[in-house]
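Chemist: The following block contains the structure, expressed as C-alpha cells.
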Amino acid sequence: MLSYQDKAGAFYKDNARANSTKLSLVTEEHGGRRPPYLLFVLLVLLVGILALLAITGVRFHQVSTSNMEFSRLLKEDMEKSEAVHHQVIDVLTPLFKIIGDEIGSRLPQKLNEIKQFILQKTNFFNPNREFDFRDLHWCINPPSKVKVNFTNYCESIGIRKAIASAANPILLSALPGGRSDIFPPHRCSGATTSVGKVFPLSVSLSMSLISRTSEIINMLTAISDGVYGKTYLLAPDDIEREFDTQEIRVFEIGFIKRWLNDMPSLQTTNYMVLPENSKAKVCTIAVGELTLASLCVEESTVLLYHDSSGSQDGILVVTLGIFGTTPMDHIEEVIPVAHPSMEKIHITNHRGFIKDSIATWMVPALASEKQEEQKGCLESACQRKPYPMCNQTSWEPFGGRQLPSYGRLTLPLDASVDLQLNISFTYGPVILNGDGMDYYESPLLNSGWLTIPPKNGTILGLINKAGRGDQFTVIPHVLTFAPMESSGNCYLPIQTSQIIDRDVLIESNLVVLPTQSFRYVIATYDISRSDHAIVYYVYDPIRTISYTHPFRLTTKGRPDFLRIECFVWDDNLWCHQFYRFEANIANSTTSVENLVRIRFSCNRSNP
C-alpha cells in the first residue's frame, strides 16, 4: 500500500508530465505558421536601409564637389599672391630706393637753400643792428632796421641737446632703482637688521684737493637723477702763488657712475674756481637737468630795497654745465626782484633743485605783510599752554620780535630769457631754526619738500610741502602740530624741551629721499660711547617706524660742521657725508669726506 504522501507525489509528477507533453504539442502546432506583422517589419527595415544608402551617396557627392571648388579657389589665391610678390620685388622695392635716395640727398640740400634764402632776405631788410634773442618782445614787434640773429640761441639749444645725448647712456646705468624702497617689505615678521660700511671717494676733485693737505672749510652737495654737484671754500697751502686771497670758491659737477662691485662713484666732469671775493663767501647749490646753479653773497642777510633811496646789492649767479667750455658755464651778478612788502632774506647753506629749466631755493624771509596773523597764531596757542617757544623774545635768523616767513628764490635758466632772480614769500608753520632751508624734489608735479634742520636736540626740525607754481604755498607735512587753542591755519613745530642733549654735539641737515614712499634721514655727531660716532636715523612716517645705524670714528674731536646728501642705489641707502672737527690732541681742524652705505634686511618674512 502506498502512503498518502507517495500517492500525492506520484499524482503530481504524472500530472506534470502529462501537461508538458500537451504544451509541446501545442507549440509545434503554432510553429508551422508566420504572422503577417513580422513580414511588415522586415519590409520597413529594408526600405530604411535603402533610404540611408541614398542619403549617404548624395552627401558624398556634395562633399566631393565642395572639395574640388575649394581646391580651385586656393589655387587661384596662390597665383594672385605670387603675382603680388613679384610686383613688390620688381616694382615697389626699386621705387622705395629711389624715394629714399631723393629724401636723403636732395631734400637737405633744398632745405639748406631755403634757409640761406631766408637769411639773405633777413639781412637785406635789417642791415644795422644785431638782435639778442632773449629780448622776446622784439620777436613780437621788432624795431625798425633791426638785424635778427638767431645764431647764439640756436647754438645754445644745439649744445644742450648734444650734451643730453652724450650723457644719456651714463645716466641709464645709474637711474634704475634710484626711487625704489630701502626698507624691508611689510610682510617682514622678524627683526630688521642694518649693515653699514664706509667708502672713500677716489675720483672726486674735492678728495684730490684734500689729499694735498688743502683745507675745505664747508661743503654743500646736491644729487639729482645720477648727477651730483658741490660747492665749497678751499684754503690750499700754495694759494699765495695763484691768488691774492686766502680762500677760493670751488664748484664741481659730475656723474654718479658704477665702479668696482657696482658701487657708486662720484666722477667729476667739470669744475670752476673763483677767487674768494665779496660775492662768493656764502653760496647755495641746486642741481638738475645736467646743470649746477648757485647763488653767492658776501653777507648772509640781504636787504631788499624797492625805491631809489637804497642801493640794492646784487647777487652773484653761477651756472655750470656737466661738460666744460659750454655756454652753461656762466657768471653774472643780478639784482633780485622781490615783493614790495619784503624787507630781508637770509642765505646760508641751502640746497635746491632744477626742474623745467628753473632753479629754486627756499630761504628765511622777513616781510611786513600779514605779521599780525602770525603773531595771533602764536599768542592764541600760548594763552592756555606754556609751549617752550612762548618765552622767546627774539626770532631767528633776523632777531627782533618779527616772525620770519618762507621765501622762495626762482632763477629761470632758459637761454631765451635774461637771468632774473625772483623772490616771493608766504607764511606757514612757525620757524624756530633760521640756519638753513633745503628744498627737495617731490614725485608730485607742482611741489617739493621744504626741510628745516633740527637744533640742539630740542627742536626736531620741519618738513613742509612747498609749491613750485605761481601760487606759492607752504603746507605742513610732518613734525608739526595744530594747537587746540588756536584757529585757522596755525601750526607750530614740535619742541621737546629746553634741555640740550650734551651727547649730541652737532646735527646734520634733514634729507628727504627720492623714493616713491616718503622717507627722510638725519645724522648726528654722538659722543655718548667711548668711541665717537656719526649716527644715522632713517624714518618712515607712514609705517611709524625708524631705524638707526652708527658709524664709529677712529678720531675724536669737537665738530663744527656736518652735512649729508643721500640717494638710493641698488635698493641700498647711500649718503655722502662731510664734516669738520677740531682734534682734541693736535688742536688742529680736519675735514673728512666719504660715502657711507646702509643696507636693511629682514631675518624672517611671512610667505
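Quick reminder: no glycine exception, Cβ is built from N, Cα and C everywhere.
If you look up Swiss-Prot, you'll see 1-37 marked as topological domain 'Intravirion'. Annotated transmembrane segment per Swiss-Prot: 38-58, in sequence order. Annotated topological domain 'Virion surface' per Swiss-Prot: 59-607, in sequence order. Residues or ranges marked as N-linked glycosylation site in Swiss-Prot (evidence: sequence analysis): Asn149, Asn391, Asn422, Asn456, Asn587, Asn603.
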Chemist: Just the number: how many Å between the Cα atoms of Asn456 (N-linked glycosylation site) and Asn391 (N-linked glycosylation site)?
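Modeler: Rounded to the nearest whole number, the Cα-Cα distance is 17 Å.
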Chemist: So if I draw a 10 Å sphere around the Cβ of Asn391 (N-linked glycosylation site), how many other Cβ atoms end up inside it?
Modeler: 9
Chemist: Count, for each of the glycosylation sites Asn456, Asn587, the other C-beta atoms lying within 10 angstroms of its own C-beta, and report the residue with the smallest count.
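Modeler: So among Asn456, Asn587, the glycosylation sites given, the one with the fewest Cβ atoms within 10 Å is Asn587.
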Chemist: Mind checking which of Asn422, Asn603 has the fewest other CB atoms within 10 A of its CB? They're the glycosylation sites.
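Modeler: So among Asn422, Asn603, the glycosylation sites given, the one with the fewest Cβ atoms within 10 Å is Asn603.
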Chemist: Please identify, among the glycosylation sites Asn391, Asn587, Asn603, the one with the smallest Cα-Cα distance to Asn422 (N-linked glycosylation site).
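Modeler: Nearest by Cα distance to Asn422 (N-linked glycosylation site): Asn391.
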Chemist: Looking only at DSSP and grouping its letters into three states, which state does Asn603 (N-linked glycosylation site) belong to?
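Modeler: It is coil.
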Chemist: Whole-number answer please: how many Å between the C-alpha atoms of Asn391 (N-linked glycosylation site) and Asn587 (N-linked glycosylation site)?
Modeler: 38
Chemist: Just to confirm my parser: what is the rounded mean pLDDT across the topological domain 'Intravirion' (1-37)?
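Modeler: Over the topological domain 'Intravirion' (1-37), the predicted model scores a mean pLDDT of 46.
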Chemist: Could you state the whole-number distance in Å separating the C-alpha atoms of Asn603 (N-linked glycosylation site) and Asn587 (N-linked glycosylation site)?
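Modeler: On Cα coordinates alone, these residues lie 45 Å apart.
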